[in-house]
Amino acid sequence: MAAAAGSGTSGGNGPRGHTAGSGRALALLLVITGAAGLLAAWVITIDKFKLLENPNFVPGCSLNPVVSCGSVMKSEQASAFGFPNPMLGLVAYSVVICVGVSLLTGAGFPRWYWLTFNAGMLFGVGFCSWLQFQSFYRINALCLWCCLAWAATIIMFWYVTSFNVRNAFLPAPKWLKVFLAEFTWVVPVLHIGVIGMLILTRWWDFWTS
């Protein structure tokens, strides 16, 4: 999966003008993770509107004091840019799906496109990391749909980064290229695993009570 998801169809490590498509696995991964993120953003947006209409509305994913989507949606951090965060996700994840579908049809993109795409995902991962900190240590609540969006963003980011490294769009030592050719999956698994451990330890008393 790792090798297939990160391999370019154009072959070789090209120069700056090199245009690359991707293997079918990476294209499908982008469609699937983009769809997962879009679903999460859509559900959160709908629930946010319902919450604005009725302050007493309780989202379906508000299960207990810790897993409480409503608490997250009511927080200031839920509108970091002056509008509900999931509205940004509706646009961003739609773009990811479009890129994935384009790759499935055999499209190829130049280096600048892949790097711009990667930079957008880097922003997404950074924003998710900020939201995770806010959720764990400021809001003191979890949103399950947010967790789905975080996981989708992390997975797509690391696989696109791997693709760019192995196609020489991003500079990297040979050993890293060799490692990513077979073990790209290890990186997002570790990343998500760390987040899972933070969630476990943050509310350890609640989980074990």
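Numbering starts at 1 and runs along the chain as it is shown here.
Using N, Cα and C of the backbone, Cβ positions are placed for all residues, glycine too.
Feature annotations, courtesy of TrEMBL:
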DOMAIN    23-164  domain 'Vitamin K epoxide reductase'
TRANSMEM  25-44  transmembrane segment
TRANSMEM  87-105  transmembrane segment
TRANSMEM  112-133  transmembrane segment
TRANSMEM  139-160  transmembrane segment
TRANSMEM  180-204  transmembrane segment
Self-check item: Long-range neighbours of the transmembrane segment (112-133), counting only residues six or more past its ends (CB under 8 A)
Solution: 20, 77, 80, 85, 92, 95, 99, 146, 149-150, 153-154, 156-157, 160-161, 163-164, 167, 169-170, 195, 198
Self-check item: Intrachain neighbours beyond the transmembrane segment (139-160), with Cβ under 8 angstroms and 6 or more residues off its ends
Solution: 5-6, 26, 29-30, 33-34, 36-37, 39-41, 43-44, 61, 63, 65-69, 71-73, 75, 77, 86, 89, 93, 96, 114, 117-118, 121-122, 124-125, 128, 131-132, 184, 187-188, 191-192, 195, 199
